[in-house]
Amino acid sequence: MYSSQASALPSRVIGLISGTSVDGIDAALVEITGTELDLKVELLAGKTYPYPAELRERILAVCAGEAISMLELADMDDAIALAFAQAAQNIQIGYQPVNLIGSHGQTVYHRPPKEAGVGKKTLGYTLQLGRGEMIAYLTGITTVSNFRVADIAVGGHGAPLVPRVDAFLLSHPHESRCIQNLGGIGNLAYIPARTDGWLSQIRGWDTGPSNSLLDLAVERLTAGAKTYDEDGQWAASGTPCYPLVEKWLTHEYFHLSPPKSTGRELFGVAYLNQCFQDAEPYQLSPADMLATLTELTVASIVHSYRTFLPQMPQRVFLCGGGSRNLYLKQRLQLALETIPVLTTDEAGVSADFKEAIAFAVLAHWRQLGIPGNLPTATGAPQEVLLGEIHQG
């Protein structure tokens, strides 16, 4: 149980996350009041702290399946925790005291649960590096970390975890909405209008690849000189190859019914290599290849909406790094026709730091004893408290 009196007091919380794009650590310092329907979050500061190049390369190699020793894994865990702690120390300058840190860490492995016969299920597994104990010690601030494992332990996917936060920050009394995150992997939260029973009707799942494939392709096409396509300008100069998009959409993941989750294990370097191999007969230019990969992201999102949502949303709000990709946004708007495609900035929540904000809120809820998962999104049979608390 939680104290309503304590929850009414403002709390300054830092949210930290590095997503599947491995661009760096997104840090958001927020002031939180309330809990759920009365939840109010003010962003005081937000910044992305790039990983050191050598550490980023090590993380990407592990995410791609490269085998490492336990010693190397331990060293990477410590290096990531140190980077997260430094981000927390930097973002709070001028805003002390800070009450709490919510640190997602860096996902290096994710395995969804699997059906193993009638009435049987093999539990999923997830590993986020950057241990909370070390962050709490280095910053002196109580830290909540390891958010996903509790949902997985009861049979859920441990993802997506953000839909419950989206529900209370971005829902509307009369309008159904999709909050579409365009990180390394795309994921959605479908939020119906706030009518009776609306919370039980929220849905969420990973739609498929987003920035991860595009960024990997840019690095490949430029021999590492560039890590992303700014504003999607390069892709915008190309022409999508629709037969390729149709071929790629036959991948079993896109036709798997939710709840579902994925990551670089499925849509990483090996998948991109196959995409390039598939494209060889078409003799695509680099711009055409990027345009076609962009179209895959768009097509997978629209396919998800039309196939698995109870109804199409009245508005779509984008967040994450891909929300700044103007070409991707334009293509998605074209595909969704009359449904307005906006960014969460236009609903009062930073599109750049929404995920970091969400983990600040999840940490706030954990400290107050409020469940953070939505079973309709993660597939868990019950609500659970998310995260492990490490005293600062």
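The backbone N, Cα and C atoms fix where each Cβ goes, and this holds for glycine too.
DSSP assigns Asp23 (ATP binding site) to coil in the three-state reduction, outside any helix or strand. Per Swiss-Prot, ATP binding site is recorded for Gly19, Thr20, Ser21, Val22, Asp23, Gly24, Ile25, Asp26.
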Binding-site residues: Val22, Ile25 - member with fewest neighbouring CB atoms within 10 Å: Val22
Cβ neighbour count (within 10 Å, all chains shown) around Thr20 (ATP binding site): 24
Least surrounded among the binding-site residues, given as Asp23, Asp26, when other CB atoms within 10 Å are counted: Asp23
Packing count at Gly19 (ATP binding site) (other Cβ atoms within 10 Å of its Cβ): 23
Spatial neighbours of Ser21 (ATP binding site) that are distant in sequence (at least 6 apart) but have CB under 8 A: Gly183, Gly184, Asn211, Ser212, Asp215, Gly321
Gly19, Thr20, Ser21, Val22, Asp23, Gly24, Ile25, Asp26 excluded, remaining Cβ within 8 Å of their centroid (ATP): Ile17, Ser18, Thr48, Tyr51, Gly183, Gly184, Gly321
